[in-house]
């Protein structure tokens, strides 16, 4: 029975069963490895794909094999990808970063929650059954201190998070010895700096320059450090979250775990339904990846969905609430200025960003400047106290191909650049959000404008979608644009699922969106010439040419689908060793023919060589032993 045919009660029960029976799980023929750093508690997780040996000769009774090296790959699944770790969603994940946060001695536990709304929720006994039981006591920077990774980087301090990231970004490629696997085409990097080996000092330098961010709230110690910047691997974000009409806490936690399994580097909780506060707590306590939010969504819920009733005070309380829960980055639509709103009147699709439309409506109804812009310095002060990164939202992004690259879009982008410099005054980390709907020939301008206007702060885009004609397939239309803008320098790609413009995605939609965007991100890394990016491709090509079917499945981004497609026509075990697939059959397989040509050419070379030696032997008189001068 597919998810779409289940009742709401059945969906919740299924999600609850998933949570109750959750165990650490490895991908087929993969194992979890940990690469250690300079101190014992820096243990960086990676997935190592084990490969079978290559048959190189011998006989049927005595075959000769050559070993193939295991291929290490980046792993976002956290403890969920380690079969040796006991998982208990009720207790949450281990607090990996807590010792590092405590050792810095620049933060302190709060006596009480700073948010009035949080205090109200905690006092409500009716929420006991929904509430995560092991609530942390939130921390905040001590008076006069800043606790951001940007602050440490500017002070010349290499944090454990930075060392963790350096090891992670190198992806264990130093373990690979095979020249075949290490071979890589030169890339075209459009000015990106891509060192052969990423060091902790390089990570620090990039963060200090504002070219990269490490989203790592001190109240989310469960997260594994990662970095977003154009001089690192291209990252992918997945969106989850309930709505007023569908989804539950259990389903959102299930989607979180599912997202990290399929490669989400960060996850945004875009919940707009009931129990937003409680849902977010469960997500944070069980998330090994950074969590982002759009605080204006929850602030709007607090005023019963009436945009005109929003106030700075309600929004500020929401920021404090979420920062003390552990949210790692906020999307803030502070660039939607009153004077920019009329620019959207001539658009075909107007303002399509939820956050952008909320703020535009507030500005027009009060005929005042955006209160997020007016109070931006106060927002930065809050972020600096918890190390919440800012994702400056593109509230005026184009929602159709016709509206791409217009005056409203780039006016807002210029303002985001000004806000970036203000945030940096407070040592707050910043990335910039981008479009949207942009045809292929207009995509590169978005990247060059962002780098110039926003001082090389990391770019984070939704696609962009390259055509508007394919509802139901917008993971494809946007994946094309995502690969291109990732190549041009975009640091993180926000996935689009097949449900875009149509409905709230389910588990399968999340997987489809993530696989599509992992392809786009990897294609961008290859095109940029990111060191080591081609290793997995080379391993796959070698396995494909050698008809190592199991290795082909296991090297795939989605081993299960690869195997299922193969087995639709060749399900027998003999099909896993056959030197053909059902596409061409045994007589027309190009790779089988290529192998035969190669073997024939090698035999011909040997035969010609033997003939030459025979002729030389006869020319020298046919003597078995020659005098030294003749030899």
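Keep in mind that glycine also has a Cβ here, set from the backbone N, Cα and C atoms.
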Matching residue for the substrate site, where Swiss-Prot names 239, 268, 297, 353, 354, 355, 394, 395, 396, 397, 433, 460 - out of 183, 185, 333, 501: 333
Whose Cβ, among the binding-site residues 355, 395, has more other Cβ atoms within 10 Å than any of the rest? 395
Which residue among the binding-site residues 397, 437, 501 has the fewest other Cβ atoms within 10 Å of its Cβ, if you could check? 501
Taking just the CA atoms, what is the gap between residue 395 (substrate binding site) and residue 501 (Zn(2+) binding site) in Å? 17
Among 239, 268, 297, 333, 353, 354, 355, 394, 395, 396, 397, 433, 460, listed as contacts of substrate, what is the widest Cα spread in Å, to the nearest whole number? 20
Cβ neighbour count (within 10 Å, all chains shown) around residue 297 (substrate binding site): 19
Work out how many Å separate residue 353 (substrate binding site) and residue 437 (Zn(2+) binding site) at their Cα atoms, rounded off. 12
For residue 239 (substrate binding site), what residues in its own chain, 6 or more apart in sequence, show a Cβ-Cβ distance under 8 Å? 267, 268, 270, 494, 495, 505
Out of 353, 460, the listed binding-site residues, fewest other Cβ atoms within 10 Å surround the Cβ of 353
